[in-house]
Amino acid sequence: MADTLEFNEIYQEVKGSMNDGRLRLSRQGVIFKNSKTGKVDNIQASELAEGVWRRVALGHGLKLLTKNGHVYKYDGFRESEFDKLSDFFKAHYCLELAEKDLCVKGWNWGTVRFGGQLLSFDIGEQPVFEIPLSNVSQCTTGKNEVTLEFHQNDDAEVSLMEVRFYVPPTQEDGVDPVEAFAQNVLSKADVIQATGDAICIFRELQCLTPRGRYDIRIYPTFLHLHGKTFDYKIPYTTVLRLFLLPHKDQRQMFFVISLDPPIKQGQTRYHFLILLFSKDEDISLTLNMNEEEVEKRFEGRLTKNMSGSLYEMVSRVMKALVNRKITVPGNFQGHSGAQCITCSYKASSGLLYPLERGFIYVHKPPVHIRFDEISFVNFARGTTTTRSFDFEIETKQGTQYTFSSIEREEYGKLFDFVNAKKLNIKNRGLKEGMKQSYDEYADSDEDQHDAYLERMKEEGKIREENANDSSDGSGEETDESFNPGEEDDDVAEEFDSNASASSSSGDGDSDRDDKKPAKKAKIVKDRKPRKKQPESKKGKDPNAPKRPMSAYMLWLNASREKIKSDHPGISITDLSKKAGELWKAMSKEKKEEWDRKAEDARRDYEKAMKEYSVGSKADSHRGERSKKKKKKQEKQVKGKGDKKGATSKSSSSKSPAKGMSDSFKSKEFVSSDESSSAESKKEDSEDEGAASPPPSSEDSASGSD
């Protein structure tokens, strides 16, 4: 059995919304990475207490319960994957994957059970629905009634805000079932109450988003922002990342807190909390705890009395309470020596920080882009001036970010950084053999076999080779049939834009007529083969041998029916994707077997192609000989027709020649007389004094003038 199982397009149910991502099961535990936020949930194998398989709206789902009461739900599995998961759980987690179906009777009375952080409403032994108590924002009681209020979910189109439970009275003395119900809910609910004193307070801190000055009170489970107009309570569980970024002027520092879900101010959502500090501002801080409690809770990360720069104290306290690393800029240095680049985003100027695993832009609006969600980047010329350029980033979801007005001097540094991080540059393409240095679990699909791409490549090769074969076969014929100035002179006039004058035009244009034949020949030479080329490509010989298939395509044709039988009702796209996964997971020995078959097919194709090319050449030679013979016959027929036309011309021109005793005879008349009868020769000799020597066309023109 494999040591790991990987599933793509799995949905995790969190606070009523479905977050897509990737799930991996290994000997060590279960890892789920959210595709949108990059947040990773890691469940150790030793913490798993129960696994449940059930049918849900998105196919089939997996519910995992841990020993400390946490519940994790993952949907999007296929029914055929149950056996594989069940065997994996038995072998590596020593757990039986139980099958439990939800009750669909539609009854609204039943039994409420509390298990860990989950409220389950059951009818008999089957659950109807479950409520994670961490979603509860408030719990109120009435007479025989308990009301639960929930946090608003901005990602969901419709949010459930309230549920009421009727609790019938019982005969037991001293126990109020309503109060017992409410206490069970409140013990696990995410109800923020500012009970007790704050651990420490930071006064009048400058906040860029949301804008203003706030007092920050640090509590054990949340931080409280208190301003003149608004108050915010931020649980530490909603903090995704912490950033500490130096300003370009080297006198200020940004402290950025990434939040999911964001804090709300009316209809505005703030995904980032940005604080601005001066480096020169110092503070002495005393925690509102005794030294033993500080040592026990923070294990040396904090002390009761601390002093130093204000930004250092805030970042140090937040790191200890949130228990997350602080991200700082890496080894990038811009043209001016700063660790950031001045640019504009959405018509607002700000700073772009290249980090070790992404980019972050501050501050309006703040943007954080991880490397593993970037499809490609592009360097574009500035729209208004050549002294700046634009840096474009497109994510795998299709979102595009354009950072404009970057100084031209920053180009080399930024390009080297992007190149070193192995990012795909659009106008250059991903170099072969480049592997991303941030290759984590989320990037495991980068090297998956793409069946559609393989098929497109094969078809492209076939089209290219067929085009080459047809052009090679028609090349000799095109050269042979091209005879400028012979019988296709009228074609030149069709393409020649200045071909209004012909050989029959006025005598004064004779100089231009001398230059035109060369021009006509050039145009005919350029255009005539181009005109005939598509005709040669259209005719595809059906007797030509077919291109051999690759090893993957041979295997796919042989395995397609088996895949369809194993996955009934599978679509074409899913079938291609599944085939790519199976091919990738196939052992090297099996792949070598199909490689040998592909090599045999290639040799057979080459042999057949040689035989086909020999036969096609012989046919083409026979065709050329017949064409030449036909052309020769046409020329002979044409020559005879010209001779007949010349004799008729001479006979028709005799009568005017006799009357013109004082004028000269034209050149055509003299040449035609030479082939006349003996009687005409006699008449010509009498007039020879007037006709000799014959003048040129120019002289005749001047004489007529």
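Using the three backbone atoms N, Cα and C, a Cβ is placed for every residue, glycine included.
The region 'Disordered' annotation in TrEMBL covers 458-552, 609-705. Per TrEMBL, the feature compositional bias 'Acidic residues' maps to 474-496. According to TrEMBL, the feature compositional bias 'Low complexity' maps to 497-507, 647-663. Per TrEMBL, compositional bias 'Basic residues' is recorded for 517-531, 624-633. The compositional bias 'Basic and acidic residues' feature in TrEMBL is assigned to 532-544, 634-645. According to TrEMBL, the feature DNA-binding region maps to 545-613. Annotation comment: TrEMBL describes 545-613 as domain 'HMG box'.
The domain 'HMG box' (545-613): residue composition by secondary structure is 56 helix, 0 strand, 13 coil, according to DSSP. The compositional bias 'Basic residues' (624-633): residue composition by secondary structure is 10 helix, 0 strand, 0 coil, according to DSSP.
Across the domain 'HMG box' (545-613), mean pLDDT in this model comes to 87.
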